[in-house]
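This report refers to the structure that appears directly beneath it.
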Amino acid sequence: MGTVIDAANKEANGSLLTDKKVTVVFVLGGPGSGKGTQCANIVQHFGYIHLSAGDLLRAEIKSGSENGTMIQNMIEEGKIVPSEVTIKLLQQAMEESGNDKFLIDGFPRNEENRAAFELVTGIEPNFVLFFDCPEEEMERRLLSRNQGRVDDNIETIRKRFKVFMESSLPVIEYYDSKGKVRKIDAAKPVEKVFEAVKVVFTPSGDQVAV
Ligand code: ADP
Ligand code: C5P
Ligand code: MG
């Protein structure tokens, strides 16, 4: 058994998360596909807590944690931070929230993220929301995001696209093979994308015909 997983498992034992039934939706899609934007809308309408793995990692850097420099370097290079770091932050945030419905945005980003989360928390997602968007559109959005992010520059953006294609898409394909992916055309305007998102979150009996 890997020591990383052992340590993380110990963290999970006896936690609230293992004792109660939680609803988890993984929100995936390339960088700039609109995950954060749509999660904010979903929170307002459907009572979920939004946890962005990227936001949690950036907060960890700001907090002056001992992992801060390592995380900063990985983000600047568009690389994926070791799972035990990200999973610990997600678990803490889930427990502190006191809620039981979570949108987990930008996670799992690779097979290691996926398998470790499942092993450590025992949680499987109810479904996976996948924002499908062409690279040219994502590039345009990232270059005009203006949030002062160290990774929204053209060199890092290209690296992030490569990591998405090589490491993250296989995770989406894995969930697709289990019938869990709800794919959304994310190239449309924000409001149109949210219309499609709403359909996914609305129980089929409640949908209003138009
Ligand atoms: P992600 O979290 O997937 O990286 P964001 O939600 O941060 O993406 O969106 C990236 C940028 O694109 C932001 O500046 C956001 O305002 C903008 N944006 C999000 N969705 C759309 C959309 N459907 N059309 C145009 N711009 C969008
Ligand atoms: O999702 P977001 O665009 O905010 O992620 C920014 C960066 O944070 C990623 O490019 C990656 O370096 C890091 N990250 C990670 N593991 C995750 C999510 C984000 O390493 N699961
Ligand atoms: Mg985001």
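Glycine is treated like the rest: Cβ placed from N, Cα and C.
If you look up TrEMBL, you'll see Gly32, Ser33, Gly34, Lys35, Gly36, Thr37, Arg145, Lys188 marked as ATP binding site. Summarising the annotation, TrEMBL assigns ribonucleoside 5'-phosphate binding site to Arg58, Lys79, Ile80, Val81, Gly106, Phe107, Pro108, Arg109, Arg149, Arg160. Among the features that TrEMBL reports, CMP binding site is placed at Asn113.
Features recorded in TrEMBL, as mapped to the structure shown.
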residue : record                                   : Cβ neighbours (10 Å)
Gly32   : ATP binding site                         : 25
Ser33   : ATP binding site                         : 26
Lys35   : ATP binding site                         : 24
Gly36   : ATP binding site                         : 17
Thr37   : ATP binding site                         : 15
Arg58   : ribonucleoside 5'-phosphate binding site : 19
Ile80   : ribonucleoside 5'-phosphate binding site : 19
Pro108  : ribonucleoside 5'-phosphate binding site : 28
Asn113  : CMP binding site                         : 24
Arg149  : ribonucleoside 5'-phosphate binding site : 14
Do me a favour and check the Cα-Cα span between Gly34 (ATP binding site) and Ile80 (ribonucleoside 5'-phosphate binding site); whole Å is fine.
19
Please check each of the binding-site residues Ser33, Lys35, Gly36, Arg58, Ile80 and report the ones with a CB atom less than 6 Å from an atom of ligand 2, ordered along the sequence.
Ile80
For the ATP site as recorded (Gly32, Ser33, Gly34, Lys35, Gly36, Thr37, Arg145, Lys188), determine the largest distance between any two Cα atoms, in Å, rounded to the nearest integer.
17
Where the criterion is a Cβ under 6 Å from an atom of ligand 3, which of the binding-site residues Gly32, Ser33, Lys35, Ile80, Arg149, Lys188 meet it?
Lys35
When distances run from the Cα of Gly32 (ATP binding site) to each of the binding-site residues Arg58, Ile80, Gly106, Asn113, the nearest one
Gly106
Return the member of Ile80, Pro108, Arg149 nearest to Thr37 (ATP binding site) in space, with distance defined Cα to Cα and candidates limited to these binding-site residues.
Arg149
Students should find that the Cα atoms of Gly36 (ATP binding site) and Gly106 (ribonucleoside 5'-phosphate binding site) sit apart, in Å rounded to an integer, by 9
Enter the number of other CB atoms within 10 angstroms of the CB of Arg145 (ATP binding site).
13
Can you tell me the CA-to-CA distance separating the residue listed as 'CMP binding site' and Ile80 (ribonucleoside 5'-phosphate binding site), as a whole number of Å?
9
Can you grab the distance from Ile80 (ribonucleoside 5'-phosphate binding site) over to Ser33 (ATP binding site)? Cα atoms, rounded to a whole Å.
18
